[in-house]
């Protein structure tokens, strides 16, 4: 039996390469989460290179060959197994698709952005760059199954609330039972009370039923309050787990993901919680009510019940028909929403530049274009829901029409009472509501599955390594270090030793790997080969938290948080040493500025510290670095925003410190102040 390609839609626009790899692995019976494929292929904010796909495939035991076909002809021999083709979209972006069949004049492929497609060969070739990536199992290939969190694994969050759910379950049953009682009240009223002119019974029934309905309304209110409270608690717990997890993720995760993409996972959590709430509260009750109402309808009139049964085999295939389309469109909506949030955040963060260059119109168009994509995808999703609703409405109306037609016939022929027909019609609605809920449940399920996949894309990523090694000696030994991005060497066979307390200046042209080396020393970036030792320990075997407890990397663009200058220096609410803070501010040459402000250390900084200059920001950040007393300080262009006199004073102060200091700079005057320099050119 010929294998089938199972479409997998990309999480965002950078994922097309790894999405194709995911489909190929599934084709060859493996299941590897997308986040692992991202790491193996080096996928970042710019997407995946062909070399990255090759490295990923080789790491998983696949043979990978990259061809650049000079004559852009899709030969049929290419299609002996699925392959990845590189194309260029109309907007100029590069893209990968998975080709799997050629039939007649058509090329059949899966576009990770849209799903299964087909194009005439002549049209496909216009988009095709000529590059194909042929991937198939090697002799050493073995099936790899890496399990992720299932959607129902989150049910553990509800375990300690089972008594509450049992209470809600019985309240739901009571509410439904009142509905059945109301239908029988109608039957009894029409068949017994009205024909016999029993006024006394009419009053009694009215009072009793009124009290029951009032009590039902109160219980319904209580149920809704409890369910809402539970869902909010679950939302908080799951969001807390997510927050704890992302705070423990390696920094390269944040370098390679868009802000909007990460934030959009909060929406996914809400969708998952809504599904689990529906499953625990409504799903079980709806199944039970469907069974009970089936028995009641059967008891009232078996012939009419047979008509009700006809709706089930019609509803089910209809549901399955819309299910897959809904899942695909839902994923696209979430992707477009994530992209929209990313460009919106980017626009807000870059507003100063936008205003300076008078590019408001350009960025309005950029954000509006992405918003339009989101709205169009949402509209397509809504169409599927509306089509399903209309289809179900037609079926429901037809069933009701047949029921009333046959019921009327039976009443006319005295084979059924009028009260029974009215009660049956009322209870058929109670039969159709849980049936409809169960069928609509699949839409919630599909939405939750998509959201769970997106959440797993982050939750499956391993935390930074946790080890028990403690650091004592802080000499640095770098041996045969090499790091490259694709084919570009950033550091090449670097060997150097830095003694504890030494002051080093790191120099080299832009792009020579200075910042990369600095990031390696704090475990942000892993070298391709070679070793880094801190004291007697290889950095690979030092816990990242332990490493960063003693080594601080101050990047070119550090961050100040909204809050006071004091809060930004101490970064915590615990007890602090005010005298030490003042001394560190003097070393960082920021004391004069702080004293001139009306509130001193309590001066409030705006979000991103936009109310002070870049130089003032850098000096506050240096004061923060000095205050926390790290054994090794790595300063990456940390004084570049200062005037030359202030910069020299700060460097003079740094040279008097006991810590090991590694300074990255292009300033020749500052370089000359250091006794030792390491040149990466």
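Each residue, glycine too, has its Cβ placed from N, Cα and C.
Bear in mind that TrEMBL entries carry predicted annotations, made automatically and left uncurated.
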Q: Please find, within the list 115-132, 133-150, 187-204, 205-222, the residue stretch that TrEMBL describes as transmembrane segment.
A: 205-222
Q) Which stretch does TrEMBL mark as transmembrane segment, out of 165-185, 228-248, 249-269? A) 165-185
Q. Given the ranges 59-78, 79-98, 279-298, which one is assigned the annotation transmembrane segment in TrEMBL?
A. 279-298
Q. Could you give the number of helix, strand and coil residues in the domain 'Peptidase C39' (10-135) as assigned by DSSP?
A. 42 helix, 46 strand, 38 coil
Q. So which of 165-185, 205-222, 279-298, 393-412 has the most C-beta pairs under 8 Å when paired with the transmembrane segment (304-322)?
A. 393-412
Q.
Considering every residue in the domain 'Peptidase C39' (10-135), what is the mean pLDDT value?
A. 85
Q. What residues in the same chain, six or more past the boundaries of the transmembrane segment (393-412), come closer than 8 Å to it by Cβ-Cβ distance?
A. 301, 303-304, 307-308, 310-311, 314-315, 318, 418, 421, 424-425, 428, 432, 436
